[in-house]
Amino acid sequence: MYHGMNPSNGDGFLEQQQQQQPQSPQRLLAVILWFQLALCFGPAQLTGGFDDLQACADPGIPENGFRTPSGGVFFEGSVARFHCQDGFKLKGATKRLCLKHFNGTLGWIPSDSSICVQEDCRIPQIEDAEIHNKTYRHGEKLIITCHEGFKIRYPDLHNMVSLCRDDGTWNNLPICQGCLRPLASSNGYVNISEFQTSFPVGTVIYYRCFPGFKLDGSAYLECLHNLIWSSSPPRCLALEVCPLPPMVSHGDFVCHPRPCERYNHGTVVEFYCDPGYSLTSDYKYITCQYGEWFPSYQVYCIKSEQTWPSTHETLLTTWKIVAFTATSVLLVLLLVILARMFQTKFKAHFPPRGPPRSSSSDPDFVVVDGVPVMLPSYDEAVSGGLSALGPGYMASVGQGCPLPVDDQSPPAYPGSGDTDTGPGESETCDSVSGSPELLQSLYSPPRCQESTHPASDNPDTIASTAEEVASTSPGVDIADEIPLMEEDP
């Protein structure tokens, strides 16, 4: 009838034909069975034998669904299974079993019939959105709210509603959309995740290029409220790379910034020479500008006339000089202090001796056993000595030889009867006046007045007189020859 075509479910005529087709063989089988029984038991039992056969009643087919098997006689042990069409779900048991009850009759277990009810629409999975209701039935509208920075967009711009269909599906399902992922340059990178496809309003991204490439365009892009970027994505253009810098004999170069894998635009090279060599020019830098080195000149290192010590050696030499100078100064100060201490101790044991002071008013003293002893001045010593000699002696002071005036005694040695002074007497006078031993006799203990005795009686009279003359002579420094204290014998 349908010429090999599969009719749709729910066709009443087809279901009726399906129910009638399986029943004919079963009835034919029942008739054959009845005739066999009639042959065995006789014609008297033909009527009651067919009526004794028992079967379960037809369980029926649920609306908007179907059953397997769809028709026939359900004897004891038969099973009926139930299914629903799309958009519906089964409410009840999926299968029923024909069994005999305790009273001996047959029935379906479970006894409740299964039905097909309309299915609810499932909650859709929408990224960057929040769905308010948890269940939606046929004909209900979908209610969602997009996250901050995202806006709702429908496939059908003329229909801004999404409804739940009777088959449990949604029509015109919306999405929450932001700015779409911008293109990235193959020679650069952007600060976004590779899995992120949509960006909320206000998002700012930036682009960077790999070394050797220059950014052409805006480095920063912002997602605007109309869900487009503030500008087109930039490009990374290749820069012209400078060749290898010129080589320097007895030197080398370093580049800034380091390391220099490629001499890109803006790279700076600094030249330097080996120890003992120096650059011929004060300028030691060249810069890569659009594939060329600027300034373009050859760098040379020449041998230095004077080799300057290294910084370490210079510091070491400086510290040596400072240490030597400080040590010398400390040593000189120590020697000065020791000399001063020695001079102080020497003066305490040996008072200084020198010419008499010009001023007679300044007193001199020495310290003897911790007790200061006043010394006579030069004038006092001279006046005291002259007063002790007497008036007769003063007349002969101006002459070269001091002789007593009152006493004209003969000489102390025989054969000398001449009263005149000879050459020998003059020499004796000079030797006596210059002898330092005569000065010591001035401070010897006083003796008895022997001036009245004649000079011839005592040979020491001449020496004593000479001593007195020497004490009055201005050419003799009495103060230097006077002992400060008497030494023990």
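A Cβ is built for glycine as well, from the same backbone N, Cα and C atoms used for every other residue.
Values in this document were obtained by computation on a predicted structure and should not be read as measured data.
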- prompt: The disulfide recorded in Swiss-Prot for C236 goes to which of C209, C255, C260?
  reply: C209
Task: Please name the cysteine among C84, C98, C116 that Swiss-Prot pairs with C56 through a disulfide bond.
output: C98
Field: Swiss-Prot annotation (region 'Disordered') - matching range among 1-20, 301-320
entry: 1-20
- request: Based on the record in Swiss-Prot, give the one of C164, C176, C179 in a disulfide bond with C121.
  value: C164
Statement: Among C242, C255, C260, C273, Swiss-Prot lists the disulphide partner of C288 as C242
Statement: Nearest to C164 (disulfide bond) by C-alpha distance, among the disulfide-bonded residues C98, C242, C273, is C98
Task: Out of the disulfide-bonded residues C56, C84, C179, C273, give me the one sitting nearest to C121 (disulfide bond) by CA distance.
output: C84
- request: According to DSSP, folded down to helix, strand and coil, what is N133 (N-linked glycosylation site)?
  value: coil
Query: Can you tell me how far the Cα of C242 (disulfide bond) sits from the Cα of C236 (disulfide bond), in Å?
result: 18
Same-chain residues at least 6 apart in sequence whose Cβ lies under 8 Å from C146 (disulfide bond): D128, A129, E130, I152, C176
Message: Helix, strand or coil by DSSP: which one applies to C273 (disulfide bond)?
response: strand
Query: For C209 (disulfide bond), what residues in its own chain, 6 or more apart in sequence, show a Cβ-Cβ distance under 8 Å?
result: S185, N187, G188, L215, C236
